[in-house]
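Shown next, in structure tokens, is the structure this report addresses.
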């Protein structure tokens, strides 16, 4: 017993002894994020090195899991405890929630100096600027309305780029006839809903997408066009293999890479898998916009939310924000990550063919006003609504909701309930 | 419950002599218990009150302390009866019913069986025990993946058996919205039954050998000895095991996420998934809190009568 | 401790019985080992092989690459030095938390069975019900309190030059795990001591033994099996806790092993290296497995009546 007590006391002393000076350093950024492994971490490391050159240290707070869910839980706990990080990776509406709670800092001066107002696309600014104050620095722009196609399979079945939804179905039929799985899909709610974003844009066009998926206009949500979108989703179901349910997105991508499947509908992070497998765009795989969505871009974006830190930590924060939106970092980071820069004036020289197309598309969509937030990825509506939407789509895909009529009814009810 | 009856343990105080030291001695047991009890009162019951309070506000991303109404409960109430298509809440609570009963029942039965078998003076007990226990040690975020592959018809068991020539074998529960919850039970039992075994083994090892000898001398068969003497003596261990399993059943969150990612159409959700989703992911903290309160009330309704009968029993 | 166990019921029975017993035990052992088999096999495969095939097939050209990467190279956030450095963070948090909660639990169990007072059942019932509080519900209020403790620590530091442990993430985790482990440890010991013969306690009291003397000389020597169970339970739960650890100790220098492992495994949009993940998971579980094997040796039969005589 006595030895046990001694052991406890010893262990306690040991753990308290190395505590001194746990308070935040002023020449250091404390950064919460969920880019913890492989390519993602490598991409972020560029930023760490950029800051080191300016003499700022990097205190890493990485919390992976659930596409940022675990990190957001940790962030809530940190804010509740009053320990604000210098910055945190955040998505869309979360930035605005925290800003409304009054815990975000103000970067307007830096933004003015660096000209963010002009270079960052206006739809993104909706999430980075709260009541006229810059509270976040966007890192990248992902877009979700892409098709990823195995070129060898495409050649084998003699397919060409589908321009309309009907052509897409015809292409899938060809693959099916050739004995390949036509559509690689992971049956998890966010993957299904991400695909459905593209289907709605393809079925209803840009204006309808905005009305239904960003403005949540009830007449659009219960319209026949929305019903037709669900019909189109139902049309895709027979082209999916029977084991799709629960599959991770990267396993679905692997099916395309290996040639077991023809095509995957997925955001441009899927490109990272092709790159890791040493595949070349144009020769090994093809990237097309989802049929019928050319000219529009459905985006989501990673942002670094900047917290209201004490004055002595502000300089480090400004350095971080400036480095994040510098052209050199935007290019270096996004080449690795598969996304495109969050400012439209970054040269595309280092990007591959798909990246170049992505940059050009983003610029064009921004100018034409056809750059829309992805509802599935949390850029169309607050999380409560976005998840209610995912619920309905996944229940429709897995036959818990049986008809398109019922799906539209459920969608309207679920979104009204969650608003 | 005749075997375990024993006199109430209440050491009698010496009459008279009420010195300060004596008083201190008398109070000592309470002083020892007090810090633990106080911590539990504050950090458990205090926080339960906080949760109840939040459930009557319109807290969203952050706690809000302005009492509003009972909308959170009204929504849960509506969802409770929404079975076609099933609401997430409806799925969660029906799944908990299936999962809770099977998980606790199978773990108890299997744990007891393994403990009794291991208690037969087995050679290599030291090797077998960790084999039954190791699933507890591994984090489920990774073993979940191993299970997911094993149960996946295209990757694991079914494919292997097909390659061996048993082409009629079919096992796709993990892809089936009505069966997926049973795969969660399988993985859950695998993870926890070893620990239940350890608890029963400790109980068996704590039983006074004299009692068993006496039974043998009386001519009782081994089965009868276990059924009539040993298992009744393990009753307090059943209580411990039940509490541990019930708590794990209610808190099984990562099991569902890692194994099924929520299941086809969210069909594998348990209430803890619901609670986490609404509190932290959907930023509807009031609904999350209300669901926590409902869960605690349900647990109270089940556990309290059980506790009452158990605790009354032991103090006759 | 002598392992002078009594003959088990029906012990030394016929050969057929023994065969059935061993057969069942081995069968269960095999079934329990399947997931470990999948993990081990995967950890020795290359990524190409994993993606191309059957999860149960043996590796074609086994390699330790994944193990080496998991141990010393893989990225945990921006630090790419493997998971080896995170053991110490976990150990210095787990060991005190397990010891404190176990000792408090055994004392509580002793009081609640052998020194009963008015209302002891209510106290026990309340402590037991505490096991059921969902941790998601306590995450934020606990964070608020720990934040206040941290500010108190900062004040102390400016006054005395040392923060006395207040606000230290490791100490915070110890506090949290002790508090939320108390219900279980108390439950285990209380239910074990419930069956302990009260006559022995009485006899010792008559001899003039004090509260702590009785505990140390009579109960503790007979508590080995339940200590094993409690330590196993607490060690496993605290080692594997992710929710509290990620919320209260997420930064790279204090991060416990589970958070590190999770960061290796749970990439969001990056390439998933399953072989490294599996190897990392097994490495991360080694201390717990070690506890199972070592603690398991004390799974011997209690001495009971013999303790007092001897």
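Using the three backbone atoms N, Cα and C, a Cβ is placed for every residue, glycine included.
The feature domain 'ABC transmembrane type-1' is assigned by TrEMBL to C:87-295.
Sequence-distant contacts of the transmembrane segment (C:20-41), counting only residues of its own chain at least 6 positions beyond either end whose CB sits under 8 Å from a CB of the stretch, comprise 55-59, 278, 281-282. Marked as transmembrane segment by TrEMBL: C:20-41 (among others).
Taken from TrEMBL, the feature transmembrane segment covers C:93-112 (among others).
The transmembrane segment feature in TrEMBL is assigned to C:124-150 (among others). Remote same-chain residues near the transmembrane segment (C:124-150) are listed as 108, 112, 166-167, 172, 175-176, 180, 182-184, 186-187, 190, 243-244, 247-248 (criterion: CB distance under 8 Å, separation of at least six residues from the stretch ends).
What TrEMBL lists as transmembrane segment is C:170-193 (among others). For the transmembrane segment (C:170-193), the residues of the chain that approach it from at least six positions outside its boundaries are 89, 92-93, 96-97, 100-102, 104-106, 108-110, 112-114, 124, 127-131, 133, 135, 138, 142, 146, 149-150, 219, 223, 225-226, 229-230, 233-234, 237-238, 241, 244-245, 248-249, 254, 256, judged by C-beta separation under 8 angstroms.
Among the features that TrEMBL reports, transmembrane segment is placed at C:214-235 (among others).
The feature transmembrane segment is assigned by TrEMBL to C:278-300 (among others). Listed by sequence, the residues of this chain that lie at least six past the ends of the transmembrane segment (C:278-300) yet keep a Cβ under 8 A from its Cβ atoms are 1, 3, 5, 39-40, 42-43, 66-67, 69-71, 74, 83, 87, 90-91, 224-225, 227-228, 231-232, 235-236, 239-240, 257-258, 260-261, 264-265.
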